[in-house]
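Single-structure report; data block below.
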Amino acid sequence: CTWCSVLFPPCGVHKCARQPASATLCRTYGTIPGIPGLPGQPGSDGKDGENGPKGEQGKEEAAGPSGHSEEWRGDRGVPGAPGQPGKVGPIGIPGIMGLPEPGDYKVTFKSGFSAARSISSFPRREQPIRFDRILTNEQEHYENRYGRFTCRVPGTYYFTYHVTSRGNLCLNIKKGQGRGERVVTFCDYVHNSFQVTTGGVVLKMAMNESVWLEPTEKNSLVGLEGSDSIFSGFLIFPEA
């Protein structure tokens, strides 16, 4: 043993024959195991090893059967709430022009009248002549009580009269509101005989304007059966 050799050198060097006790002790301790030492500190980690070789590619297996989605479909859900209105889209391009078709005459503007005078007495000077017997009164724009036509459809109209007289006769066609204003005057002069006098004019009428006939002091107009006197008017075309 190491520590025995230090304390007691081998017999050959120190002549163990002279020292029998020491030699005996040396031989005796040389056969006994020493006390185990304390565990040493763990060593440091070793270096990473090199990558191993790439393995072989696995075998490709057949695809499994497809699932049955219909068997797992649930019931239809409750409809959701309506979404918010979207933004207004851009204006589209104009469409192609349609084919021409006839218009509906029922929706066009209408206005017209014709009335006769059945009153036998002479009309009063500078007063509207009453043509009291209605022949035609489209849209009821003529008032036979006052002998006036009142415009309800602005536009261009034609007015005319055919009257029987016995003597001199002068008639004014007047237009406007209230007393109005004279537009034209027609006169015929004859003594003690019947005659038929006619006149007409085209007028542009505004809303609520009226037209009527009015005699001057020469007012021999009569209203007799067989010798009718009539006043008429109608819309030519409405205002654009």
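Going from the start of the chain as shown, residues are counted 1 onward.
A Cβ is built for glycine as well, from the same backbone N, Cα and C atoms used for every other residue.
According to TrEMBL, the protein has these features:
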- 33-91: region 'Disordered' (REGION)
- 45-76: compositional bias 'Basic and acidic residues' (COMPBIAS)
- 106-240: domain 'C1q' (DOMAIN)
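Beyond the compositional bias 'Basic and acidic residues' (45-76), no same-chain residue lying 6 or more positions past its ends has a Cβ under 8 Å from any Cβ of the stretch. In the predicted structure, the domain 'C1q' (106-240) carries a mean pLDDT of 91.
In the compositional bias 'Basic and acidic residues' (45-76), helix, strand and coil residues by DSSP number 3 helix, 0 strand, 29 coil.
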